[in-house]
Amino acid sequence: RGVREADGGALSGFTQQVEIARDTFAGLVLVSRSFVFTAAGALIGLFSLAPPLLLVVAPPLTAGVALFLATLRPLARRQERFLVADEALAAQLDSVCPGLRDITAGGAEEQVAAATGARVDAEYRAARSLARWGVLRVASLAIGGQFPIVLLLAAAPWLLEHGVTPGALVGALAYVTQSLLPALQNLVHGLGASGSRLAVVLRRLAPPEERGGAEATAPEERVGAETTAPEERVGPETTAPEEQGRTETSTSEPPIATADALTLSSLTFAYGPTSAPVIEDLTLRVPQGTHLAVVGPSGIGKSTLTALVAGLLEPRHGTVHLCGHPVPGDTSRAHRTLIPQEAYVFRGSLAENLGDLRPKPVPERELRAAAGAVGLTELMERLGGPGAEVDPGALSAGERQLIALTRAHLSDAPVVLLDEATCHLDPEAEERAERAFVERPGTTLVVVAHRVGSARRADRVLVMDGQRVAYGAHDDLLERSPLYRELVLGDRESTGPPLQPALAQRDPDGVDPVAGAGLTGDGRHVVAHGPVGQVQAPGDLRDGGTLGGQ
């Protein structure tokens, strides 16, 4: 494949596997040759001392070697299964660890823990099976190399009666202990380890249709691998969508229908015991179904507020309740999902990424409906549909945000927290995504606003400015909040600060005020920053795009 597709990584891996196979085979030839000549010499020596000695030594030696050779193929299969399970666990951890915050914020701990635990259990079972077969290798060494010594000592009277001299008996013990036993040990350890390794490498070098062993076993035996193909995972389900998620997450305590979606009571938080509070004595009630926008200067505590609501941080004083359930708490996790600025996308199918917050596979029709609502349909079709494999590194920041937004839309959480989760999208895509959540039944949307358009669309706006906090409708805040009026009017007239003035050249909101070609240096023009070499898609924030271009 590496040669056909000019894949340097695959070709390098193929070359490395070939080198391993060649070196391993050379080692096996040396070990086998050494055992054959040593064993032949020892047996000839025993025959020359006294032929009856062979009647005592040869049968257990033959039985031990035969038992060892019989275990080589099962050991190779179990060695490969263990390697497959180990690779699956490593791949799972590689996908999970970068997204721990998103997993916790989205309330997907149980699903991820179950998936990771399944791979840990699979590796554990494979290791135990390999160890059990390894005992037979030790038994073959004991039978073929150590049992002849016991037999020689036990049969000494009989041998002496049949003409074997004491000197010949001592010589036979020397042949067994100094020649046969070390040679058999080298064969068992060398051929046992290297032989299994060579079998695994050769099987992986073979074309898929010619492979056997672990890769040809039934799906339930393929440790660490998914037992259902991506196309099957997104197929129609007999269970209604409502029954797939909420029935399992609401078993501990049903949501309180009359409770507010979000309640903050005298909330105070600081990042250190002697630090000044980032949020101080904040009290807020957000009814269910409300679209709330949070605005304010960068670094003022907007992301901290969403982390407190999601249960990622614990307040110094005060309480947080989601749908009547205390935060942090196990019960509240089912009621909220948080999408941060840097969206979490893992290697796997698009359907697996989108359904990550659901306990069961999501039907394809529901995936496509959510993608159409959020604006992911074009990307979904370009990738090849819900079953297509996703490479996070090949996606732009805006594309990753669309996937994360669709995932949140498919979740069963009634409270959705968007912490600048649309900052890499253009204004039209941002409005479409927010409208999808507003039109989602029973949803309360809290948005850390990246553009003033988010605040205009919201039912209520929370203006954070240190200890001064204003809360109300857009028109009401224009009259009584100088900061909000300054942000909105300044953005509309392209004079004055943007909606979220940057406090540093690399600010937490992910945008930098810059001056350059076609840009002024007044701080109202920003470009989104991200990883070096990051690809920008047509729906991403354009370099040099103004905040006023709603």
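A Cβ is built for glycine as well, from the same backbone N, Cα and C atoms used for every other residue.
Feature annotation from TrEMBL assigns domain 'ABC transmembrane type-1' to 8-185.
What TrEMBL lists as transmembrane segment is 25-47 (among others). Beyond the ends of the transmembrane segment (25-47), by six or more residues, the same chain brings 53-54, 57-58, 61, 171-172, 175-176, 179-180, 182-184, 186-187, 190-191, 194-195, 198 to within a C-beta distance below 8 angstroms of the stretch.
If you look up TrEMBL, you'll see 53-72 (among others) marked as transmembrane segment.
For 135-160 (among others), the entry in TrEMBL reads transmembrane segment.
Look at TrEMBL and you will find 209-235 tagged as compositional bias 'Basic and acidic residues'.
Summarising the annotation, TrEMBL assigns region 'Disordered' to 209-256 (among others).
The domain 'ABC transporter' feature in TrEMBL is assigned to 262-490. Mean model confidence for the domain 'ABC transporter' (262-490) is a pLDDT of 88.
The region 'Disordered' annotation in TrEMBL covers 491-550 (among others).
Counting same-chain residues at least six beyond the ends of the transmembrane segment (53-72), those with a Cβ under 8 angstroms from any Cβ of the stretch are 39, 43, 46-47, 133, 136-137, 139-145, 147-148, 151-152, 155, 159, 164, 168-169, 172, 175-176, 180, 184, 187-188, 191-192, 195-196, 199.
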